[in-house]
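**Student:** I'd like to ask you about the structure that follows.
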Amino acid sequence: MGGRDYTLYLFAALGSFLIVYIALPIIVIFTKQALDFRMLVKTIHDPLVIEALRNSLLTATATALISLLFGVPLGYVLARKDFRGKSLVQAIIDVPIVIPHSVVGIMLLVTFSNAILDSYKGIIAAMLFVSAPFAINSARDGFLAVDEKLEHVARTLGASKLRTFFSISLPIALPSIASGAIMAWARGISEVGAILIVAYYPKTAQVLVMEYFNNYGLRASRPISVILMGISLGIFVVLRWLIGKAKS
């Protein structure tokens, strides 16, 4: 009791290893690219890079919206209803997290064949498979945090179940749902393995990074990596900040 407890300091020291491990490569790649600024400027003005970035941003955004459209209702059902096979449904939702992404590409190609091959539909299909669990689980957790008594009060006052959902449940769960949408977007824009197999074209920035690295080496692929990472991190931070303000 009399001694000073250093437990938190110990835990902070241990945890700082991961912080440094994650932050260091980001700092290093930005620093090295800053020293090769001419290459960065040249890459930014490359029409192929611009188109690839546009493809990545548009398909990731479409994926996040589709994840919300179908994931929010499913998350509500999982939060409010106990039914036979619920554990199986939850397991199916989490399966994409553990499947290797190249295998995901093969699975989608075997299932849908030419319907998604080398198309925007294929890119979105690959992104959706790996990112949907984040939207669904975040929505479920958000609705679980909503006190059911509030919903019951609204129902006793004459509100329909649908009106109660939109006026009570959804607004309270919205921060968690928004976090899930951000994670779905981030997971989609970071996907490479499945997209390489399903839809090499139209080319996304992720695939272009791999192509440049394989064909031209590290120096050629680094500027695209920095640009994609900068855009992704910028959007991610801004959205997180907006959600934080909404919560407070």
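Just so it is clear, glycine is given a Cβ too, placed from its N, Cα and C backbone atoms.
Since this is a predicted model, take the numbers as computed values, not measurements.
Sharing the feature lines straight out of Swiss-Prot:
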- 53-239: domain 'ABC transmembrane type-1' (DOMAIN)
- 1-9: topological domain 'Cytoplasmic' (TOPO_DOM)
- 31-56: topological domain 'Extracellular' (TOPO_DOM)
- 78-91: topological domain 'Cytoplasmic' (TOPO_DOM)
- 137-164: topological domain 'Cytoplasmic' (TOPO_DOM)
- 186-223: topological domain 'Extracellular' (TOPO_DOM)
- 245-248: topological domain 'Cytoplasmic' (TOPO_DOM)
- 10-30: transmembrane segment (TRANSMEM)
- 57-77: transmembrane segment (TRANSMEM)
- 92-112: transmembrane segment (TRANSMEM)
- 116-136: transmembrane segment (TRANSMEM)
- 165-185: transmembrane segment (TRANSMEM)
- 224-244: transmembrane segment (TRANSMEM)
**Student:** Give the one range among 92-112, 116-136, 165-185, 224-244 whose Cβ atoms make the most pairs under 8 Å with those of the transmembrane segment (10-30).
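**Tutor:** Looking at each of 92-112, 116-136, 165-185, 224-244 in turn, the most contacts to the transmembrane segment (10-30) are made by 224-244.
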**Student:** Over the topological domain 'Extracellular' (186-223), what is the model's mean pLDDT?
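**Tutor:** Mean pLDDT, the topological domain 'Extracellular' (186-223): 91.
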**Student:** Looking only at the topological domain 'Cytoplasmic' (78-91), how are its residues distributed among DSSP helix, strand and coil?
**Tutor:** 9 helix, 0 strand, 5 coil
